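Pulled from TrEMBL:
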| type | residues | note |
| --- | --- | --- |
| TRANSMEM | 12-35 | transmembrane segment |
| TRANSMEM | 41-61 | transmembrane segment |
| TRANSMEM | 164-184 | transmembrane segment |
| TRANSMEM | 204-221 | transmembrane segment |
| TRANSMEM | 242-262 | transmembrane segment |
| TRANSMEM | 287-313 | transmembrane segment |
| TRANSMEM | 325-350 | transmembrane segment |
| TRANSMEM | 370-394 | transmembrane segment |
Amino acid sequence: MTKTGVASRNWNLFNWYSFCMGLASLSALTIVVYIQDNMGWGWGLGIPTIAMLISIIVFVLGSPLYRSVKPNGSPIVRLAQVVVAAVKKRKEALPQDHKLLYQNWELDAAISSEGRLLHSHQFKCLDKAAIVTEEEGRDPNAAQDLWKLATVHRVEELKSIIRMLPIWASGILLIAASSSHNFVILQARTMDRHLFHTFQIPPASMSIFTVLTLMVGVVLYERLFVPFIRRFTKNPSGITTLQRMGVGFVVSIIATLVSAWVEIKRKKVAAKYHLLDSPSATIPMSVFWLVPQYCLHGVAEVFMVVGHLEFLYDQSPESMRSTAAALYCITTAIGNYVGTVMVSLVHKYSGKERNWLPDTNLNRGRLDCYFYLLSGIQVFNLIYFLICACFYTYKSLEEISQVNNLEDLEQDKQNISSVT
């Protein structure tokens, strides 16, 4: 028997992680922004500093209660060992039966407590790292050199990382597209932001609608969507991580299109009241026209961002879960850099007289064209993701009970031998 990942046990962890992060962002976008605007930047920076100090104290006090597992070697070194061993044995012929490849339960025990990775038929060139030569078969010491001979489990660790990378890369352009949020803040500055007669919503606080949607969305996703869809899919998680990411991509495209349509509406209102050449004037159009796109971006995060993190954690080898978290952070970093490059290129090459992203007067820009460009890029990214998802193979693990039964059988044979 096999199992594909551990999503049934871990999937809701990422929903609640996103909920907690959303709660923190909500506090920053409301309380902290209000304090900065009304009490000054000294208090606005001082209060988060105090909060961080309290969190550090709580972390230190709670550390003894955390169950930690001692590292069993560097995963990067293990991946390098597989590559080196495969290169050294590149001229060796693979056996017809993959069961003849090198297995060592004792060696892999510390990095496969949830079960060993089963052999897959992809990237067969890497399987050569697990070929047992005649010399290694005769000399047990030779078989202990991991730079010459790797176990199937270690080979499959590298295969799992390679399979994940194309799916991982699809998240970069989604992060890059989110760079448009800065321009939405500029839009909000030109619009009527009155919530009450004497109170205006700060432009930067408009992101609370994305955060609120994310927080409400993860609860509804877990409590309503998953139990409902589970009846049809028979999947404990409702839908697979790849399906969840795909939905997020589609919603993100719709959100960007809505951003373009709202910008067209905003400029029409500005033209109607002859305000196109008055960048500091307030356009008589409610800032709440921006709320639908913020909410759609929140829904996209419920599916794509949470699903992306869940996919990386679930499909990474057991001993490389921290690597999955690092990959997610790298996605965010690269995506932000790509977004910055896109803005720079559009600003440079979209013309001087009708620049899409002008420096001073947004009303004379073509921000809607920039949103359409982002939508087109995301459509190509979605097609790329669908192709990768169609060819993706989930990792397979041995059942723990199966391994335990085999170990018990081996122990019984040893006992019988000792008696006779």
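Glycine is treated like the rest: Cβ placed from N, Cα and C.
Per-stretch counts of Cβ pairs under 8 Å to the transmembrane segment (370-394) identify 242-262 as the leading one among 164-184, 204-221, 242-262, 287-313, 325-350. Counted as Cβ pairs under 8 Å, contacts with the transmembrane segment (204-221) are highest for 287-313 among 41-61, 242-262, 287-313, 325-350. Using a Cβ-Cβ cut-off under 8 Å and counting only residues 6 or more beyond its ends in the same chain, the transmembrane segment (325-350) has close neighbours at 164, 168, 171-179, 308-309, 312-313, 316, 356-357, 366, 369-370, 373. With a threshold of 8 Å between CB atoms, the same-chain residues lying at least 6 positions outside the transmembrane segment (287-313) that come near it are 7, 10-11, 14-15, 17-18, 164, 167-168, 171, 174, 178, 181, 184, 187-188, 191-193, 201, 206-207, 209-214, 217-218, 221, 241-242, 244-245, 247-249, 251-252, 254-256, 258-259, 262, 265-266, 321, 324-325, 327-328, 331.
With a cut-off of 8 Å between Cβ atoms, the residues of this chain six or more beyond the transmembrane segment (242-262) that come close are 167, 170-171, 174, 177, 180, 184, 187, 289-290, 292-293, 296-297, 299-308, 310-311, 368-369, 371-372, 374-375, 378-379, 381-382, 385-386, 389, 392.
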